[in-house]
């Protein structure tokens, strides 16, 4: 299974409760504990300027798309062993679809 369009309101709630502590969405908001997510889709792993990524993130070399995020967000440490992202993941497909749909809209 892969990504399918989700609920934006539920995605916003997930972002607020699970992601906003470490990530920003809008251009110019900058990095926090985690890298800024503005321009996320189409970007390569480990490529946000000014953020201190692990070598694992820099060397993964994939492009962030709906499908790569769908897999990554289920279990970040499994997808990129050595990442410093301290998030256990979203196990439910629906939650990942909701969050990715929201991120697609808000990070453009």
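For all residues, glycine too, the Cβ spot is worked out from N, Cα and C.
Since this is a predicted model, take the numbers as computed values, not measurements.
Taken from Swiss-Prot, the feature heme c binding site applies to 19, 22, 23, 85, supported by sequence analysis.
What Swiss-Prot annotates, mapped onto the structure for a quick look.
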residue : record              : contacts (Cβ under 8 Å, 6+ apart)
19      : heme c binding site : 87, 99
22      : heme c binding site : 32, 33, 34, 87
23      : heme c binding site : 32, 34, 35, 36, 37
85      : heme c binding site : 34, 76, 77
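Annotated heme c site 19, 22, 23, 85; additional same-chain residues within 8 Å of its Cβ mean position, judged by their own Cβ, are 18, 20, 21, 32, 33, 34, 37, 87.
Residues listed for heme c, 19, 22, 23, 85, cover a largest CA to CA span of 11 Å. Classification of residue 22 (heme c binding site) by DSSP places it in coil, neither helical nor stranded.
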